[in-house]
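Database features, via Swiss-Prot:
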| type | residues | note |
| --- | --- | --- |
| BINDING | Gly38, Val39, Thr40, Gly41, Ser42, Gly43, Lys44, Thr45 | ATP binding site |
| DOMAIN | 25-183 | domain 'Helicase ATP-binding' |
| DOMAIN | 431-593 | domain 'Helicase C-terminal' |
| DOMAIN | 622-657 | domain 'UVR' |
| MOTIF | 91-114 | motif 'Beta-hairpin' |
Amino acid sequence: MSGFELVSDYEPKGDQPEAIRKLSEGLNKGLKHQVLLGVTGSGKTFTVANVIQNVQKPTLVIAHNKTLAAQLFSEFREFFPNNAVEYFVSYYDYYQPEAYLPTTDTYIEKDSSVNEEIDRLRLSATKSLIERKDVIVVSSVSSIYNIGSPDEWRRMSVILRTGDEVGRSDLFAALINIHYERNDIESAKGSFRSKGDTIEVFPAQDNHGVRIELFGDEIDRISSFDPVTGKTIDEVKEDNSIVIYPAKHFVMPQEEMVKALGSIEKELEGQVAKLVSENRILESQRLTQRAKFDLEMIRELGYCSGIENYSRHFDGRKPGDPPSSLLEFFPDDFLLVIDESHVTIPQIRGMHNGDRARKEALINYGFRLPSAYDNRPLTYNEFHHKINQAIYVSATPADYELGISSAVVEQIIRPTGLVDPVVFIRPVENQIDDLIGEVNKVTEKGYRTLVTTLTKRMAEDLTEYLLEMGIRVRYMHSDIDTLERAEIIRDLRKGVFDVLVGINLLREGLDIPEVAFVAILDADKEGFLRSERSLIQTMGRASRNADGYVILYAGKVTGSIEAALRETNRRRQIQLAYNEKHGIVPQTIHKALQRELVETEYGEVVSEVLGVAEDLSDIEIADMVIELEAEMHLAAKNLEFERAAALRDNIKELRSTYSL
């Protein structure tokens, strides 16, 4: 199988060649931990891509949110079009975890909405890891959560080959055993249907279907096909086999399930006896009723709501043993890349404690067995022990990464020649009037402004005041979802408005070359939002523009300000010296506007589609549904999940309205 093949029109420049060489050599020498300290806009992702090509290791990239993960996924997919680049994040569009509030005696049942396309991408990631070595998986912290055993997932897969003897009923049973459902009407992922001697399977992790044609009890022909058009894509040759992987990550052979059910019953008996001995009759009755219902559902259907809470029994783990996460699907020699490590590592650290705190009340009050504790994310120590080799990527790595790393590789020079922005300190008195003056000067030049405040109230008041002053301004806060955030940034770049006000959302991952001025209000208020690392990250937002500058409004120079200025000036001097030596004139980055995730509002899409449908015949409406399905699959393939979801809802509306 071919290895990683980097495809790019660009050659490494500035500090990139040296960073690539040092990191690659460090990995080849067996260094376990390294830091890539790369300034904003220095091309850290391109550097990492080159390192992956050099060392040829399966790679897991962890980002601290879905937005950054999607951005990295798109970039790596462009760099490695001939390799398996996968996306593994939480598949919930909406998630309300199960919880119990003792103070008000309120039980909150688990409620969730699963994004089917992201679920497919998760399954595709594990499939690629089992089948090949040239795999990059871009993930959020979902990668440390329990997803079941890779050995069972591999062992339960259905392998088919032309000429094999297999009865229809046996094949149906094998598919149902790995969570496929029979559906002779709709071509839904994770389903199969039968027409005479032809069985069509729609794998949960693929966009194509598998057509199995039987002659008696013998497989006569196997081919892949387009689920929308039904046309054959490719025929599986006689010597080759095709593997149909389970439709869910949690799977188990029947004999193992019987053993697991016995283990659950034994734990139930022990816990009920404990509750009764403590005279907690209500809790014991509640636990008995709930657990026995779950056991009956598992016996009859092979599944129950909340089955993951019994995963320790199904996996054969002992109490306290680490769960099987995505990391178990990687080979031992994998490479780990942690993006924005100063944020991502604390996030990984916090996952386990938060999960345990929520389950404590559920277990104490008889809603769950104690084994529910073991359906959990990895602790940080468990995660750390699973690391083979790691690169921590950040413009401001934390003391932890710096302390455990054998090498810190700096990437200070940007390929564009851009230098870190000039930073000015101005008094807090009259900071708003001064800010307005600077905004007007910057706006006249056709540039944009970012303003960061300390509190939500201050951001709202400032936005309102700037609007009264005739300034085109928007406010971005934490309640804004990912899609709307992307649209706000796009509108800022397009010049729909000139100033964006925020609190903590204007730091990592905000790439806006049009921004020439960053204002940090109340910069002298020591704390998380005005720490050395936060200040450096925020100031870095002006580093993609050749005319970029920063103003810190402060009544005094704090230790954080002093340290941030010292580091920024150090980097700036290195960059200026490099440019002078090589005759480089800094040029503002010219970055094309990305397509909008959703081109029209949802309501407009629905009314437009239904309005058109009113004038069509039944056959034309059916054709329209087929076209919309093809468009939905294309949108999902391009990671335009919100558009795909809108199209999916349009299709449902059409089917319901016209009884299709």
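Each residue, glycine too, has its Cβ placed from N, Cα and C.
In the three-state DSSP scheme, Gly38 (ATP binding site) is classed as strand.
Sorting the motif 'Beta-hairpin' (91-114) by DSSP state (H, G, I as helix; E, B as strand; all else coil) yields 0 helix, 15 strand, 9 coil. A 10 Å cutoff on Cβ-Cβ distances gives Val39 (ATP binding site) a total of 27 other Cβ atoms nearby, all chains included. The record gives Gly38, Val39, Thr40, Gly41, Ser42, Gly43, Lys44, Thr45 for ATP. Within 8 Å of the mean position of their Cβ atoms, the other Cβ atoms in that chain belong to Thr47, Ala395, Gln411, Arg414.
Between the listed binding-site residues, namely Thr40, Ser42, Thr45, the fewest other CB atoms within 10 angstroms of a CB are found at Thr45. The Cβ of Gly38 (ATP binding site) lies under 8 Å from the Cβ of Asp15, Ala19, Lys44, Thr47, Val393, Ser394, Ala395, Glu410, Gln411, Ile412, each of which sits 6+ residues away along the same chain. Among the listed binding-site residues, namely Gly41, Gly43, the Cβ with the most fellow Cβ atoms inside 10 Å is that of Gly43. Around the Cβ of Lys44 (ATP binding site), a 10 Å sphere holds 23 further Cβ atoms from the protein chains shown.
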